[in-house]
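Student: The structure is given below, and queries will be raised subsequently.
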Amino acid sequence: MASLSEFVSEPISMMSQTSAASESQCYYNETIAFFYNRSGKYLATEWNAVSKLVMGLGITVCIFIMLANLLVMVAIYVNRRFHFPIYYLMANLAAADFFAGLAYFYLMFNTGPNTRRLTVSTWLLRQGLIDTSLTASVANLLAIAIERHITVFRMQLHTRMSNRRVVVVIVVIWTVAIVMGAIPSVGWNCICDLEQCSNMAPLYSDSYLIFWTIFNLVTFVVMVVLYAHIFVYVRQKTMRMSRHSSGPRRNRDTMMSLLKTVVIVLGAFIVCWTPGLVLLLLDICCPQCNILAYEKFFLLLAEFNSAMNPIIYSYRDKEMSATFKQILCCQRTENVNGPTEGSDRSASSLNHTILAGVHSNDHSVV
């Protein structure tokens with residue numbers, strides 16, 4: 001007859017074996033090649049002409065991204081006409097794009113054959129930096145959309161958001177971005193469940209990619225709805241102004257020009273990032289689709305987006321363009337270093353012109 005100690009020791013032994021088996025299912029010590037080979041994603045062994053060209057182009061674009069967005073941040077800092085909450089948020093968007101440039105710069109030196117040298121931790125860091133930069137950009141664009149919506153519909157000449165609140169918003173944006181980028185590193189990955197591994201991102205779990213992709217796409221939709229609401233409101237006010245106001249047409253043209261600038265910035269972001277996010281969903285929902293053939297193209301498209309905003313500002317905003325030239329030419333003028341007469345009126349903010357037209361319209365109707 002078995003003794004009591006045998007009955008007790010047998011379950012304990014089984015539990016320890018189960019625990020050991022469970023631990024053996026995690027592959028933290030495996031090479032990156034192990035995950036890539038299992039997912040079927042190609043992992044280069046040597047540099048070819050195309051890889052060198054892509055790396056050279058990528059590094060060049062990264063340097064331009066960082067310098068151009070640094071120029072935007074400096075321009076907003078030195079020109080007091082830009083010292084409004086909306087421009088602080090735009091500066092933070094430039095900071096997010098600057099961070100994206102750093103993330104892509106790190107990626108360029110750890111891609112191709114160099115990917116094989118990465119550990120699980122450094123691979124997750126590489127991807128986490130890109131995820132953080134995207135989340136920061138999305139959250140910042142959403143904050144700008146909400147600020148514009150509130151300001152326009154409350155008919156305020158200047159937003160009542162204090163500088164302290166702007167700082168709080170910026171801190172929240174970066175906190176959310178860092179958390180979203182760090183989630184896979186702290187456990188939401190497929191290292192312990194290889195069946196859930198993605199083909200495009202071999203160490204990421206499908207469930208996390210679904211969550212991350214849908215989160216960003218829903219945010220895109222919310223921003224589009226907010227700006228569409230603003231656009232309809234502005235168009236209605238413009239029509240009323242044209243019927244009842246004898247004010248100059250220049251104000252209305254400026255108003256629509258500023259609205260177009262905002263829409264172009266948002267539109268460029270959505271156009272550059274949506275294809276890549278949809279590709280992630282196809283990777284999960286359509287395993288037979290050859291989505292890996294298009295991965296690098298969409299990644300490059302997303303990278304170019306971080307360089308677009310400074311170009312858009314330079315082309316669409318004369319004040320910003322003039323400030324860029326003064327900085328690059330090392331000029332110091334009264335216009336840049338201090339507010340001039342009527343600088344508040346000339347600050348290129350959408351709601352300034354809207355409200356001028358609205359008040360003029362109300363007076364004419366009365």
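In case you wondered, yes, glycine gets a Cβ from its N, Cα and C as well.
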Student: Look through Asn37, Asn351 and state which residue has the annotation N-linked glycosylation site in Swiss-Prot.
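Tutor: Record lookup, Swiss-Prot, feature N-linked glycosylation site, residue Asn37.
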Student: Would Swiss-Prot have Met239 and Cys289 facing the same side of the membrane, if we go by the names of the topological domains it assigns?
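Tutor: They are annotated on opposite sides of the bilayer.
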Student: What's the CA-CA gap between Cys289 (disulfide bond) and Ile130 (1-acyl-sn-glycero-3-phosphate binding site) in angstrom, rounded?
Tutor: 24
Student: I'd like to know which of the disulfide-bonded residues Cys26, Cys197, Cys289 has the most other Cβ atoms within 10 Å of its Cβ.
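Tutor: Comparing the disulfide-bonded residues Cys26, Cys197, Cys289, the most crowded Cβ belongs to Cys197.
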Student: Between Asp131 (1-acyl-sn-glycero-3-phosphate binding site) and Cys26 (disulfide bond), what is the CA-CA distance rounded to a whole number of Å?
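Tutor: Each residue's Cα considered, Asp131 (1-acyl-sn-glycero-3-phosphate binding site) and Cys26 (disulfide bond) end up 24 Å apart.
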Student: Flag the pair the transmembrane segment (53-77) / the transmembrane segment (297-317) as in contact if three or more Cβ pairs fall under 8 Å (sequence separation 6 or more).
Tutor: yes
Student: Could you pull out which residues elsewhere in the chain have a CB under 8 Å from any CB of the transmembrane segment (86-109), counting only those six or more residues past its ends?
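Tutor: Residues packing against the transmembrane segment (86-109) from afar: 55, 58-59, 61-63, 65-66, 69-70, 72-73, 76-77, 126, 129-130, 132-134, 136-137, 140-141, 143-144, 147-148, 151, 159, 163, 166, 169-170, 173, 177, 303, 306-307, 309-310, 349.
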Student: Other than its own, how many Cβ atoms are within 10 Å of the Cβ belonging to Cys286 (disulfide bond)?
Tutor: 10
